[in-house]
Amino acid sequence: MSPTISHKDNSRQRRSGMFGHALDMKSGPLPPGGWDDNHQDSVGGEGDREVLLGDVGPGDFPKAKRSYRAELSSILLLLFLYVLQGIPLGLAGSIPLILQSKNVSYTDQAFFSFVFWPFSLKLLWAPLVDAVYFKNFGRRKSWLVPTQYILGIFMIYLSTQVDRLLGNIDGRTPDVVALTVTFFLFEFLAATQDIAVDGWALTMLSRENVGYASTCNSVGQTAGYFLGNVLFLALESADFCNKYLRFQPQPRGIVTLSDFLFFWGTVFLITTTLVALLKKETREASVVKEETQGITDTYKLLFSIIKMPAVLAFCLLILTSKIGFSAADAVTGLKLVEEGVPKEHLALLAVPMVPLQIILPLLISKYTAGPQPLNIFYKAMPYRLLLGLEYALLVWWTPKVEHQGGFPIYYYIIVLLSYALHQVTLYSMYVSIMAFNAKVSDPLIGGTYMTLLNTVSNLGGNWPSTVALWLVDPLTVKECVGASNQNCRTPEAIELCKKLGGSCVTALDGYYVESIVCVLIGFGWWFFLGPKFKKLQDEGPSSWKCKRTN
C-alpha cells in the first residue's frame, strides 16, 4: 500500500515519498547520527550566519555553547517552513485517491505518478540553487522567497480551476494531463524550496544546535503532509463529515479542494512576505569565491563519482532491487479504493502508524550501525516480498466482507496490522541503505556523494511504481457479458458492448498478475543479485574514494 504520511529522507530527497498513493512510507527520518555537522561546510560554511532583525550582529555571537532556547525563534521558523513544504506534497498525494474514486484508468494513474519524481531528481538543479543568488538579499532567501510566492499564487489560481480539472463540473472526466503538469510544477517548486531551506537550516542555527534542523525537517514535513493529505481527505468527504462532525447531513464536506488551495495559497503569500521582511541573512567578511564556477565543478564531480566501479555497481543493483515491491506499494491502495474502501478511511489508518514510524528507525539503527548494514536489507527483503502477496489476498478478500456499503471494524484492524508489518520490513531496508550510504560516502565530499547515492536509491522506487501502474490495464482481461461477439479490449469496444445491452466483467485482474510476477522477480533478485549487493560491504575504503582532478 502506499503512504498517507510520507517523509523525505535526509539526503534530502523525500518523500518520498516519494511519496505513493495511499498508505506506503517511502522513507523516514535518519537514524541517530545520520545528520553530519560537517555538511555545514559543504553548504555554506561558517561565514554564513542568519539573525533576526534587531538581534545581535555577526560579530557578537558568544563563544560559549548556545542553548536551543537562544535560537528558539529560528527553530520555530524552520519548523514552519518545513510544514509549508509538506502541504503541496500532501495535496499531490491525495489526488490519486480522488482520481481513483472517479474511476480513471491505471494508465492515467501511471501518468500522474510522474508528479512524484521531482524530489528524486532535484540533484540535477541543486548545485544551481546553491551557487546562484542575489548577495544583498541573501543566499537562501534569493530562492526561498520567489519560490514560495510562486507556490502561493499558483495555489490561489488553481483554486479557481481545480473543479474543472477534476471533472466536478457538468459531469466531465478528469483532465489527467493538466493535473499532472500542474502538480508536477507544484512538486518541482516544493523540491526547490526544500533545497533552499535545507541549506539555510545549516547556517541559520549555530553549530551546537544544527542537529535540530533534522528534527524540524522530519516533524515539520510530516505535519504538513498530514494537513495536506489526511486532514484534507477527511474534511473533504461528505460521508466522513456527516458521520463524525455534523448534526445535520450536508451534500458535501466541510472543505473543498478549491477552498483548501485558496486558504493555503493565502498563507504562503502572507508568511513569505513576513520572512522576506523580518528574517535577515548576514555574512561575515569572508566571501565564498568562485561559486558560479562551482556549478560546473559539482556536475563534473557527480559524473566522476558515478563512474567509479563500486558506485556504478551499487547504482545498478539498487535501481532494480525494488521491482518486487512495485505492485504492492503503488497499486494496492488504489485497488482498495476501487473495491469500495473510503479513501478518507485509508488516509486515517496512517495516523496510528506515526509512533511506529518514529520508533522503528531508532530500533533498527542499532543493528545497522556495524560494518555490514546491508545484511539487514537482505534479511528483510523476503518478508516484504511475501507481504506483497498478503496485500493481494487482502484486496481479493475486501469485497467479500463489505456489508451494506461499509466494512466491519475487524477488517480495518487487519489492514492496520498488515500495514504495520509492512512498515517494519520497509524501514529495515530503508535504514540499512541510509546507514550504508553514510558509511561509504567519501567524507571530503560527503554532501554531494551521499545525496547522489540517496537520489539513486529513491529513483529505484519511483520508476518501478510508475511501470507497475501503467501495466495494470494491459494485463487485465475483461469479457463482454450479455452481448454476443463483443469484447472489452479498448474503450471503444467497451462503449459498444454497453450499447448492445452487455456489460464488461473482469475475468482476470492485472493487479494479481503483477503481484505474482513482481514477487517472482523480487525473489530472483534476492537469490541471484542479493549476495552481490551484500558483497559491496567488503569493498575497501579506497573503492569508494573519488579521485578529484583540479
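Using N, Cα and C of the backbone, Cβ positions are placed for all residues, glycine too.
Within 10 Å of the C-beta atom of N103 (N-linked glycosylation site) sit 9 other C-beta atoms, taking all shown protein chains into account. Annotation source Swiss-Prot lists N-linked glycosylation site at N103, citing sequence analysis.
As annotated by Swiss-Prot, phosphoserine applies to S42.
Under the heading topological domain 'Cytoplasmic', Swiss-Prot lists 1-74 (among others).
Under the heading topological domain 'Extracellular', Swiss-Prot lists 96-113 (among others). Along the topological domain 'Extracellular' (96-113), the predicted structure has mean pLDDT 92.
For the topological domain 'Cytoplasmic' (135-141), the DSSP counts in helix, strand and coil order read 1 helix, 0 strand, 6 coil. The topological domain 'Cytoplasmic' annotation in Swiss-Prot covers 135-141 (among others) and rests on sequence analysis.
Counted with DSSP, the topological domain 'Extracellular' (163-256) comes out as 67 helix, 0 strand, 27 coil. If you look up Swiss-Prot, you'll see 163-256 (among others) marked as topological domain 'Extracellular'.
Sequence annotations record features per position, and here Swiss-Prot assigns topological domain 'Cytoplasmic' to 278-300 (among others).
Annotation comment: Swiss-Prot describes 322-344 (among others) as topological domain 'Extracellular'. Taking Cβ pairs closer than 8 Å, the topological domain 'Extracellular' (322-344) reaches residues 1-2, 20-24, 94, 96-98, 100-101, 103, 106, 109, 113, 233-234, 236-237, 239-240, 381, 384-385, 387-388, 391-392, 394-395, 398-399, 402, 405, 407, 415, 422, 460-461, 464-469, 472, 511, 514-515, 517-519, 521-523, 525-526 in its own chain, all 6 or more past its ends.
What Swiss-Prot lists as topological domain 'Cytoplasmic' is 366-375 (among others), and the listing cites sequence analysis. Counted with DSSP, the topological domain 'Cytoplasmic' (366-375) comes out as 5 helix, 0 strand, 5 coil.
According to Swiss-Prot, the feature topological domain 'Extracellular' maps to 397-405 (among others), an assignment based on sequence analysis. Note on the topological domain 'Extracellular' (397-405): residues 336, 339-341, 411 of its chain, located 6 or more positions outside it, place their CB under 8 angstroms from a CB of the stretch.
Here Swiss-Prot flags 427-509 (among others) as topological domain 'Cytoplasmic', drawing on sequence analysis.
The topological domain 'Extracellular' annotation in Swiss-Prot covers 531-550 (among others), and the record cites sequence analysis as its basis.
Residues or ranges marked as transmembrane segment in Swiss-Prot (evidence: sequence analysis): 75-95 (among others).
According to Swiss-Prot, the transmembrane segment annotation covers 114-134 (among others), on the basis of sequence analysis.
The transmembrane segment feature in Swiss-Prot is assigned to 142-162 (among others); the stated evidence is sequence analysis. Beyond the ends of the transmembrane segment (142-162), by six or more residues, the same chain brings 81, 84, 88, 129, 132-134, 182, 185-186, 189-190, 192-193, 195-197, 200, 257-262, 264-269, 271-272, 275-276 to within a C-beta distance below 8 angstroms of the stretch.
Residues 77, 80-81, 84, 87, 91, 98, 141, 144-145, 148-149, 151-156, 158-160, 162-163, 166, 228, 232, 236 of the same chain lie 6+ residues outside the transmembrane segment (257-277) yet bring a C-beta within less than 8 angstroms of a C-beta in it. Among the features that Swiss-Prot reports, transmembrane segment is placed at 257-277 (among others).
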Item checked: Contact between the transmembrane segment (406-426) and the transmembrane segment (301-321) (3 or more Cβ pairs under 8 Å, separation 6+) -> no
Next item on the list: Report, as numbers and ranges, which residues of the same chain sit near the topological domain 'Extracellular' (96-113): CB under 8 Å and 6 or more residues beyond its ends.
Entry: 21-22, 166-167, 173-174, 176-177, 179-180, 183, 233, 257, 330-331, 333-334, 337-338, 343, 346-347, 462, 465-470, 472-473, 510
Notebook entry, point to check: Reduced to three states, what secondary structure does DSSP give N103 (N-linked glycosylation site)?
Noted result: coil
